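J.: Structure below; questions to follow.
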Amino acid sequence: MNYEEITTTIPGPGVSQDDWNDEFQGCDCETQCSIENQCSCMTGATDNYSEDGRIVATSLLIECSTNCACCLLPYSCRNKVVQNGIKKKLKIFSTSEKGDGVLAEEPIQNREFVCEYAGECIGDQEVKRRCEVFKEEDNYTLTLKEHFGEKEVKTFIDPRLRGNIGRFLNHSCDPNCEIFVVRLGRMIPIAAIFAKREISVGEELSYDYGVSGIDGDNRKLCLCRSENCRKYLPMSVSPIE
């Protein structure tokens, strides 16, 4: 299917410019950003990334942005990884059973950034509309679920019309990648794909699409061929679950 290539997630139907432009104030760091130096963009007990750019934090990960004082430093802030884009050589290829997929053309270390799952950030009504319009085709919409106290917040990212190489990663019940919720200086997050173990040259990249909300034998068969394969691909009860 034809789609427009983009490098990072952009606002789409159902997401207002006011919401998209709801940005954080930014840090006032005068040296390298870190927990030790009390960078305000780091909200956990550890730095977001190691010195060599591998992910350390696992929740509420906020990268520094153009609103931060560290932008004026003569060296690159190490709290900027996802926004710097894809650094690894990746290739789209045709699989024998699963359509297109993505493979690594160079080694990827555990916890290294692979790519963003870039697409349009859309509202729930637009998710439902697109599912109806494209009901005979595969559903690409990724739902990010976050919990703040008792409140659940969902963010919908759809690369169907505008996206990047991340849309071609297939599901595996024993994946070598995983998705993290990352904020690039604004409240609305994006989805970043990181390696969850060492990945060899020529290995297909995959992540777990999630827990299925539907049981039964009418679901699409999983073809990951892993030892712990769950037999069927995950399916949601509704488009916005």
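For all residues, glycine too, the Cβ spot is worked out from N, Cα and C.
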J.: Using only what Swiss-Prot says about Zn(2+) 4 binding by CYS222, CYS224, CYS229, identify which of CYS173, CYS177 is listed for that site too.
T.: CYS173
J.: CYS33, CYS70, CYS77 show up in Swiss-Prot as binding Zn(2+) 3; which entry in CYS64, CYS115 does that record put in the same site?
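T.: It is CYS64, as the record lists it for that site.
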J.: Which residue counts does DSSP give the domain 'SET' (88-210) for helix, strand and coil?
T.: 14 helix, 55 strand, 54 coil
J.: In the same chain, which residue numbers or ranges, 6 or more beyond the ends of the domain 'Post-SET' (218-234), come under 8 angstroms Cβ to Cβ?
T.: 97-98, 170-174, 206, 208-212
J.: Let's check the environment of CYS39 (Zn(2+) 1 binding site): how many other CB atoms sit within 10 Å of its CB?
T.: 24
